[in-house]
């Protein structure tokens with residue numbers, strides 16, 4: 001049994017060990033009116049003098065329980081006034097919101113509650129929000145996740161601290177304290193608290209776990225809540241290590257460009273299976289609007305697709321507008337985009353630049369006399385033509401079915417599609433590469449692949465047309 005004095009020492013030591021609060025901090029304390037949050041408020045109030053804490057009490061009436069909820073709100077205001085603490089309260093008509101949105105009542109209430117707490121923290125200049133989750137909550141959470149199916153991250157349970165996207169930190173100073181000890185603390189200190197009648201309703205899964213499942217399983221292990229807490233603490237440490245490791249390899253081996261993450265399939269096969277799954281989950285979390293829907297089955301579908309050696313090119317839709325593409329050794333995970341609309345642009349005499357809005361490709365053109373020093377055509381993304389041998393005007397267009405070209409140095413013609421395959425051009429890049437054709441429709445050049453034998457530079461060339469193509473993704477093959 002914990003005395004009031006030993007519990008306060010235990011909580012203070014936990015706060016210090018976990019660095020949950022720093023001297024001078026502004027802390028919003030979420031107080032529902034139950035023994036857990038009332039005990040938390042009193043413990044932090046007792047520390048506020050020595051740590052120079054600026055406490056703000058925050059309370060939400062969700063509109064679920066009528067007069068009972070009104071009494072809780074009034075009691076919280078009275079406590080704050082007794083200790084001369086600023087208090088922020090709000091009423092949210094959750095029954096109406098749930099009816100309009102069809103959302104789960106507990107999830108919707110939690111989201112609205114956090115929204116209010118974040119707003120109070122911003123308005124009061126507070127860095128941290130203290131929540132009253134305790135060790136019994138932790139045991140229930142871990143057991144619920146085990147029943148539903150989970151992995152190491154889920155077994156970590158409720159985190160001691162969590163940095164929200166808005167830079168505010170959620171802290172849980174009571175996470176190692178059991179509810180029975182908190183109630184004894186409240187009674188020893190003469191603290192009033194309310195009992196939430198909804199906590200006794202078996203329509204909620206958490207209540208069923210607390211009232212039925214845990215007591216039943218405790219027949220086989222009287223220390224089950226403590227065992228579940230130890231499991232959560234152990235898994236939290238290991239999960240943190242694995243998370244750091246997967247972020248390290250992601251930074252080293254994964255390339256990010258806009259909403260596309262790419263890496264080598266050969267490299268991925270040499271990564272430990274645990275890190276393979278974590279890397280996939282990390283990338284999907286970056287791209288998905290609902291990361292929780294990216295479950296084990298989707299991760300395994302992704303992983304096994306990458307590990308297959310055949311086919312060497314494929315596309316797999318994962319869900320939530322996310323696709324996995326394999327293009328030879330390159331694996332790309334990206335949001336799905338539509339193929340560019342067909343286009344055709346005629347090049348005017350003397351034109352020096354062309355931007356293709358459908359694909360983001362840019363062409364630079366230079367007309368040079370033979371006496372001038374002209375640039376080298378050193379790679380497949382630049383081409384030089386005898387300007388006087390070209391059938392003008394030239395057209396830059398999207399690829400068409402059946403396109404053929406007579407490549408320089410080869411006899412006969414060849415399908416552009418086959419040229420792409422031979423050059424191992426990624427399928428996604430094929431839709432972006434423009435085709436250069438002459439006035440008669442003959443293909444002169446497929447940038448990044450080959451040029452035709454037409455209008456080749458010779459010793460008799462007097463005027464030359466130099467064209468360079470700038471295209472995103474050209475370094476991937």
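Just so you know, glycine gets a Cβ as well, placed from its N, Cα and C.
A TrEMBL annotation is a machine prediction, not a hand-curated record.
Residues or ranges marked as ATP binding site in TrEMBL: 32, 33, 34, 35, 36, 37. Residues or ranges marked as domain 'Lysidine-tRNA(Ile) synthetase C-terminal' by TrEMBL: 394-467.
The Cβ of 32 has fewer other Cβ atoms within 10 Å than any other of the binding-site residues 32, 37. Each of 31, 38, 39, 132, 193, 194, 196 belongs to the same chain as 32, 33, 34, 35, 36, 37, is absent from that list, and has a C-beta within 8 angstroms of the C-beta centroid marking the ATP site. Secondary structure of the domain 'Lysidine-tRNA(Ile) synthetase C-terminal' (394-467) per DSSP (helix as H, G, I; strand as E, B; remaining residues coil): 11 helix, 23 strand, 40 coil.
For the domain 'Lysidine-tRNA(Ile) synthetase C-terminal' (394-467), the mean pLDDT of the prediction comes to 90. Each of the binding-site residues 33, 34, 35 was scored by other CB atoms within 10 A of its CB, and the lowest score goes to 34. Here residue 36 (ATP binding site) comes close to 132, 133, 134, 174, 179, 182: these same-chain residues lie at least six apart in sequence, with C-beta atoms under 8 angstroms from its C-beta.
Secondary structure at residue 34 (ATP binding site), as computed by DSSP, is coil.
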